[in-house]
């Protein structure tokens, strides 16, 4: 506080032309940038005299110091001593009187011609010209589409200050953060930083204060003028306008007819969340799922996704939550607002109104007598399911 308010030019005899003495006793291995003239910085410090007596401390006030470096708002010795620092760097500064409070001092606090000793740790550096920094850590091979404005997203995150101090985490709450993108429900930096992500993608997003919580900060965990670092994993996303997404993995030839509303379908499936987490499988039960389609017996997305299938076809369907289990989810395996992915293999289907289908494969020449009702017959046969699975054979 004193350094900010009392940063007036020193008066009186400047004394010997000594510069500030800088001891960089801890330099972090990674330094993304150094504090330059005009940068906004946040730091902690202890201020003492040569005998070790403390005259000021940001720690004692429980708040970091924030301000612009190199523009005369601090005493000259601090202005010089803070330049070139990295985040998390620690310096010991010795400020001679003419670069401190000179021959006047500060009444009742700093005597005239006092040499000042500061122990400083840099916590944050940013500039008004800074932009959002987005780094893709990992990205899935398959990415059908990416996040756009107005999409509803579900993601996990760890949030830290620029010096690594954690302030929040979705993992610690045991649930994803679920919200709309680009509609003002998030801080501006997150609204921008989530755009273009694929489901399953991991990003590091560094947000300057003016795109985060600015001069006010947030509660007791985010100080004023703090840069924020988010490590984000996008679990899934959808748009309320989305329909069922279909991918035809294998379509058999020939396909005599395709399933329509009212058909009874037997199929195998694996059901996963968008991040690949398996929530259900007919294969694990060794039994097909058997149902009518288009009659509301299954979730709307599956009712739609099974329309037009052929026997033996394999499809992948992406079902948005409003066509699945909505905001409430289902049980402990399908969370609220979850997009569901179904890999389906259609075994067979029929309609209760279907007639018997007869196809003549071979008919001998000179066939004068054919079977009639109540005839006694002898024949060989092979019996299989519609997908070709052999059942019986004479």
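The count begins at 1 with the first shown residue.
For all residues, glycine too, the Cβ spot is worked out from N, Cα and C.
As recorded in TrEMBL:
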- 38-126: domain 'PPIase FKBP-type' (DOMAIN)
- 150-238: domain 'PPIase FKBP-type' (DOMAIN)
- 262-350: domain 'PPIase FKBP-type' (DOMAIN)
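Predicted-model confidence for the domain 'PPIase FKBP-type' (38-126) is 95, expressed as mean pLDDT. Applying DSSP to the domain 'PPIase FKBP-type' (262-350) sorts its residues as follows: 13 helix, 37 strand, 39 coil. Residues in the domain 'PPIase FKBP-type' (38-126) partition by DSSP class (helix H, G, I; strand E, B; coil) as 14 helix, 36 strand, 39 coil. Counting residues per DSSP class in helix, strand and coil order gives 13 helix, 37 strand, 39 coil for the domain 'PPIase FKBP-type' (150-238).
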